[in-house]
């Protein structure tokens, strides 16, 4: 028997016989689709069509569909269609296919471009409003829960907090120390190089010291933590949301904010200032090393000079900002995590959004702090 | 072409205790792997050993699945039913043994041969495992897109056909898996497993989480596909209704191997406490009574 599937038409009076042969399976469906369309172009005056399936070797639902579709179209055109050479099993199969043949569902309508644009813009605005409301709502419930800890300190989840402190704090030390060291060195080197024209190379130590302590240390750490821990928080909460673990917590009369969010926020608020301190020291060490190499300032000279260049408040300005940065990063990450819907795609989208929003807010917040400290002359 | 009609029943009438450790007896009754006879084994596993850490979950397990049969695999929790399924499809590494699929030794097969074998089976995972970022219709079309070159209108028609065959509403095709109920996910996953009209399907607890009517429809669909397409089904199940109504043979797992395999009666009368409890407990009696009344 020829394995190559084919269909041939032969005419007798006002009847046409379509004889199918070969393997009518899904692997051959593309070719058969063309062939059967060709064969179904009947000469005018045809009244009866006989579809002969006896030559078919292998037959599956794709083949059955092609046969059935052709027969149905012919019946709709007012022709009489008969099957021959159809065994009991093929009859069931074609019957099944026939039963499953139904008009396709209405496609989901898509709005025209302009409408969609206006729609999306409006939604984006409303969504940012909602974000703000949710952020303050989360802040409110966090504060309430923390206030509750004053009366019932045993409800603080110390194990959980310690765990997160280790992962968000301790394990971030190497990478944060490394990048801060490099940035400190680069600032010092650039400062020295540019200030050389004014013969004020030594002032590069003032520059590096103030810049690192006031801004760079805390900014770098915050951005790093937003990328490192913020994304982790969103992904963790998001996948818990996807698998209904958060709903399960609620039904067990546990508050997800208390169980999942507050420990993470507390851990972040403790970890970020500590990491900022590490970043500061590491950046100053980098600056010191560069100063030694580039402008021959030995550590013995560098340290007393630095001590004069920066005051305690320079150091504190950076450090004060850290817990606020931590709060912003943590809350954005948690909120985005809770908004994850069912799909893997949405988990990816929310994680991206969490990191982007957190970094953006960190920089905005830093700007506000800069204005505030300038205003109070600190 | 007679193979599609004939094999479905040639299997249920001769069912020795194959695979119950007495591997030699089985090889004696059946023809060699790729013989075109009626006891043509689609899957032939010998000495399969799988373990995690220090313990072996399956040890020296022999298994035959014949063309055109529905094999139900039962066993208590943790006896390795799902592990066996995952091992057969190559998701779980083995510690020993050989597996022949469609007469191809999986270990010695080239990548192209393996690919050809993989195209001939479909798998329904327990949780559905639908791709969450694709609609149901796109999910069904994934294997078609990857393995065949089909015109997109034909692909739409075939996908819609498969969706209708598994009993999903027409508008379900454009929905995402997160918008579906548990039962609908099962059906959609079956539609994907059947997308390429496979010769062999692996079903991991297909009817769990379905209501009784839905489960009966599911069983009905499976048996229709077996009868019409000569589909071979490897089904891990707990559903007594499925076992009684559509399984040609049942394999009971226990003690790290297949305790007994054969028709319902053979398995039911096997002296093992778990099997006795399972088939002669209250629920089994009720199901059997319901069956015999029909």
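In case you wondered, yes, glycine gets a Cβ from its N, Cα and C as well.
Residues or ranges marked as domain 'STAS' in TrEMBL: A:5-92. According to TrEMBL, the transmembrane segment annotation covers A:132-151, A:163-187, A:207-227, A:265-295, A:315-335, A:355-376.
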Task: Intrachain neighbours beyond the transmembrane segment (A:265-295), with Cβ under 8 angstroms and 6 or more residues off its ends - done: 142, 146, 156, 161, 164-165, 168-169, 172-173, 176-178, 180-189, 192-193, 201-202, 204-205, 208-209, 212-213, 216-218, 220-222, 225, 229, 302-303, 306, 315, 318-319, 322-323, 325-327, 329-331, 334
Open item on the list: Treating G and I as helix alongside H, and B as strand alongside E, what does DSSP give for the domain 'STAS' (A:5-92) in helix, strand and coil?
Closed with: 35 helix, 34 strand, 19 coil
Open item on the list: If we skip the immediate neighbours and take only residues 6+ beyond the ends of the transmembrane segment (A:132-151), which ones have a Cβ under 8 Å from one of its Cβ atoms?
Closed with: 255, 257-258, 261-262, 265-266, 327, 331-332, 334-335
Open item on the list: Quick check: do the transmembrane segment (A:355-376) and the transmembrane segment (A:163-187) share at least 3 Cβ pairs under 8 Å, counting only pairs 6+ apart in sequence?
Closed with: no
Open item on the list: Are there residues at least six beyond either end of the transmembrane segment (A:207-227) with Cβ under 8 Å to its Cβ atoms? List them, or say none.
Closed with: 168, 172, 175-176, 179-180, 183-184, 187-188, 191, 195, 268, 271-272, 275-276, 279-280, 283-284, 287, 291, 306, 309-310, 314-315, 317-319, 321-322, 325-326, 329, 333, 355, 358-359, 362-363, 366, 370
